[in-house]
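The following features are taken from TrEMBL:
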TRANSMEM  43-64  transmembrane segment
TRANSMEM  123-143  transmembrane segment
TRANSMEM  164-185  transmembrane segment
TRANSMEM  235-257  transmembrane segment
TRANSMEM  264-286  transmembrane segment
TRANSMEM  292-311  transmembrane segment
TRANSMEM  356-377  transmembrane segment
TRANSMEM  397-420  transmembrane segment
TRANSMEM  432-453  transmembrane segment
TRANSMEM  473-494  transmembrane segment
TRANSMEM  501-527  transmembrane segment
TRANSMEM  533-556  transmembrane segment
Amino acid sequence: MWFKKANNSTKKCVNDVKKSASSTVFADKTQSRLDKLFLHTPIIKAVIIISIPSMLMAFMSALYTFSDQLMMAKIIPIFQPLEHLSAFTHGFSYHDYIFKVKELNAQGLNITLYSSNLVVRTAVANIAPITIFLTASTLLIGNGTSINFSRANGKKDKLRAQQVWANGFYSNLIWGLLITVLLLASAKTIISLENGNPISQLESIKDQLTNADYKNLKEVYNDSNNLILTYSEHFAYIAISGLVFNMFDLFFSILIITEGKQKMVVFAALMSNILNIFLDFIFIYFGRMAMIGGAIATVIGWSFNCAWYVLQIWIMNKKGETNILFSALKWKKHEIDWKLIQNIFFNGLASFLRNISMGIAVWWQLFMLSTFVFANIQTSGAAASSFTNFYGAANPIYSLFFPVILGTIQGSRIMCSYLYGAKNFKRFRTTYWVAMSIGFIYGFSIAMIIGFWLNPYFLTLFNINDQPTAQLILIIMLMQLPIYAFTVGGQVIFQATSKSFNACICALMQGIFCNIPISLIIAWISIGLNNQYIFLWTPLIVIIFSSIIIFIWTVIYMHKYFSDDILNTKIRYMMDKKWLMPPSHR
């Protein structure tokens, strides 16, 4: 009996040695490939190699959302006309409504004319903050895990990389379930607050309307607003329900990228886009499922990506070509490392807070516009709903190009984390400047080409023709793109060096610390000058202020602690305050 146990024990040891040897061979191959890319390839070439797949993946993800919103804006109005509203079922038809609005507008009242296109675009604008919150929730554990995973690879610590993967996986699962419940509970409130009072415009001109006109227009406004809320809520609830799939879509993809297998991720993003566009057309056009169809197609696309990544990781496990080992997930063998989980959480917190703060900023602007600015401006100009409608057309166009900058930043963060782990600080600094330059050039090019040249053509895709206000909103949005490179760059440096508190301050700088006070000041200026158009410039002014602060802070930090003369001077380290230093220098 004792001999049998000893024999089994010996076999187990032999198998463990074989597995260890196989993993070591893989680790050597992977380490050699990563060292060659991050340490020996010319920096500009290395940044491009690591960033282009991230940029393509980000663009594919943006195209995914853009195609959803374009399909909804184009197809839903065809099959869901406003003639079916209850307001038009008692002798006051939709044609009567159009005639009456034109008649009143000829008198200088300029009342908003609700249409199917306006309703859908406004619903699309309403779900923008929810979409940002969904994206933010996927980044908390995903980015935190990738930073630690890449740093472990930089230190050539294979065991640590597997611990990061396992703890990150279970943390991502628990976080996904928790945030799903919270968003389901709060989505309706968030969407409702964006719309404000749908009849505030009518109330301001009530004395100039007959009782019959006021009653009929009030019913149309209320019914249209209820339809907007219904569309928005349907999309939000379904998208939130599939959030866990979206979380693991990003989680798997970002870990695969850190191992240098970017082509696999780009292929998955391309296939999911094709599938999403096909399903959008099936559900929205043939199924006539309105925004429900768009949401279902989105969730199916996320699920497809997850299944693809699981299959590819399983194949790499069989070939011994990855540190993302499913065997490390076995619960009996899994060791919960609370310190590591805390590190993952705080490293990813800045990415989460940045997106949350930007979601709050978008919501805050729509809220301020609809309930504060227009409520206090004494004018018969266009209602807040018409501005929300223009945002609904401009936002998908802006969102199509904005994530590419984040893809550039994502690539540089992976490289900076690796270089920080390898203690190659000279390349670390240069990587920052190269990545920021690429992001700025891209953003400036898009702002010039799309914002000032192709602006009207893109808006036409969302049934907006010859609307200077919509064109102005899109220009203001796109002018923010080149500045974002410097705003997000500071967050990347602080995350890569485990300065979580500094990274969180950077993340909140634009959306909270600068946005709220500046927007209040500009709102009061708009009201004082009786001009709502002034308030539209708020996002651009906010990002200029926040980017200047973050950029100066980042440059001072980076050159103070990562310049060559300081790295070789231990006396300087001892004289500095410890809380200002990166953890590796304490």
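Even glycines carry a Cβ here, placed using N, Cα and C.
Under 8 Å from some Cβ of the transmembrane segment (123-143) lie the Cβ atoms of residues 65, 69, 72-73, 168, 171-172, 175-176, 179, 183, 187, 190-191, 194-195, 228-229, 231-232, 235-236, 239-240, 243, 246-247, 249-251, 254, 291, 344-345, 347-349, 351-356, 358-360, 362-363, 366, 388-389, 391-392, 395-396, 399, 413, 495, all in the same chain and six or more residues away from its ends. Taking residue pairs at least 6 apart in sequence, the transmembrane segment (235-257) and the transmembrane segment (356-377) share fewer than three C-beta contacts under 8 angstroms. Under the criterion of 3 or more C-beta pairs below 8 Å, with sequence separation of 6 or more, the transmembrane segment (432-453) and the transmembrane segment (292-311) do not qualify as touching, having fewer than 3 such pairs.
Stretch with the largest number of CB pairs closer than 8 A to the transmembrane segment (473-494), among 43-64, 235-257, 264-286, 501-527, 533-556: 533-556. When each of 43-64, 264-286, 292-311, 533-556 is scored by its Cβ pairs under 8 Å to the transmembrane segment (235-257), the top-ranked stretch turns out to be 292-311. Within the chain, the transmembrane segment (292-311) has long-range Cβ neighbours (under 8 A, six or more residues past its boundaries) at 64-65, 68-69, 71-72, 234-239, 241-242, 245-246, 248-249, 252-253, 256, 268-269, 271-273, 275-276, 279-280, 282-284.
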